[in-house]
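**Student:** Got a structure for you, questions after.
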Amino acid sequence: MMARFVSVSSCQFHFGFREVSPPSVTSYPRRFEVSDRRFPAIPIKCSSSEPENGEDSAPSLSSSSSSSTSEVSTSNSSTYNWYTGIGGIGMLDTAYLTYLKVTGSDAFCPIGGGTCGDVLNSDYAVVFGVPLPVIGFVMYGVVTALSAELGEGNLPFGISKSNGRFALFGITTAMASASAYFLYILSTKLSGSSCLYCLVSAFLSFSLFFLSVKDVKLQEIQQVVGLQICLAIIVVASLTASYSTAQPIPSRSGDIELPYFRTEISSSSSPYAIALAKHLNSIGAKMYGAFWCSHCLEQKEMFGREAAKELNYVECFPDGYKKGTKILKACADAAIEGFPTWIINDKVLSGEIELAELAEMTGFSLDQANETNQLQ
């Protein structure tokens, strides 16, 4: 009977004693007699208010949930910052490759014969008539823009964040699949040719893919793994169809023999260039190059015929180049990695350098040029 009067809410108990009169005796089949005793009466005061510790626990749970949400948000923001940074680097890399492709120039002459120019000028650098670096630039641009929008949580066209993440996952999957295929082409069809910038682009694509795998939960990946496989197959099939008529280029390092030839300099030298060349020679500056290197010839053209003769130029392959040919010992001792390379005051400088820059870094002035001309 007591259970009917006890509320489940928190109760305050006040103990007291109340005198209870003895009940009347009634005859029953079995008679019980109750003696005159004092029974403790327990008045129960019930309150509908929540206990104080309950009030304290609610804010603590809310605070814990808020802290957890904040940590997840910070982690996602950091991930999208990585996306944006890597995508930006990829845009710079492919923009430079696009410039090389459009102008037909080469980035830097390596010690071996194969260069980025060989790769970019091959049939494999074009996909359905579009230069491959241009496609790469667009893809990196999309990744950079999409990741930046995801980081801010402000996607266009009403796209949800979940759909944005899956779109990013799909794009990076396509990029990684294409990069894997290009590495296969580079190692088989373009064997012997090297392109550092192409390898950097492939590395960046794989990095973006692994980031997206980490960003998308395993359960979500299992839901779309079939779609991702189909996407990779479509990318590879499309590239194969585009390259069906492409012809592999011979390996410079193994299939071609380059006999040594003397390069002809067509430009004439100015008095300033002649004086600068003599100054560089006097301070021990050396230019290391190879006869096949177009950049080496362009550097000499800056000086002109007469001034180039005054330079301390070191030809690293004076006997020509073929498979097994070793670089000149002087070049090997100087640890030359590409052409042209300048060593000025023990400082290694790679690539072509403008005359004004050479003059500035060696302390050559116009007055010295005038003095040299007067002596002549």
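Glycine is treated like the rest: Cβ placed from N, Cα and C.
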**Student:** Any idea if ASN121 and ILE221 are on the same membrane side according to Swiss-Prot?
**Tutor:** no
**Student:** May I ask you to indicate which of 82-102, 271-291 is given in Swiss-Prot as transmembrane segment?
**Tutor:** 82-102
**Student:** So, in Swiss-Prot, which cysteine from CYS198, CYS230 is disulfide-paired with CYS195?
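**Tutor:** Going by Swiss-Prot, CYS195 is disulfide-bonded to CYS198.
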**Student:** Swiss-Prot annotation: CYS296 disulfide-bonded to which of CYS293, CYS316?
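**Tutor:** In Swiss-Prot, CYS296 forms its disulfide bond with CYS293.
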**Student:** Using DSSP, would you call CYS195 (disulfide bond) helix, strand or coil?
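**Tutor:** Assignment for CYS195 (disulfide bond) reads coil.
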**Student:** Among all the protein chains here, how many other CB atoms are within 10 A of the CB of CYS195 (disulfide bond)?
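**Tutor:** I count 25 other Cβ atoms within 10 Å of it.
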**Student:** Can you give me the Cα-Cα distance between CYS116 (disulfide bond) and CYS195 (disulfide bond) in Å, rounded to a whole number?
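**Tutor:** Given the Cα positions, CYS116 (disulfide bond) is 4 Å from CYS195 (disulfide bond).
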**Student:** Provide the three-state DSSP residue tally for the topological domain 'Lumenal' (245-376): helix first, then strand, then coil.
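**Tutor:** Counts, helix then strand then coil: 51 helix, 19 strand, 62 coil.
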**Student:** Other than its close neighbours in sequence, what residues sit by the transmembrane segment (224-244), given a CB gap under 8 Å and a spacing of at least six beyond its ends?
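**Tutor:** Same-chain contacts beyond the flanks: 123-124, 126-128, 166, 169-170, 173-174, 177-178, 181, 185.
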**Student:** Using CYS195 (disulfide bond) as the reference point, find which of the disulfide-bonded residues CYS293, CYS296, CYS316, CYS331 has the shortest Cα-to-Cα distance to it.
**Tutor:** CYS293
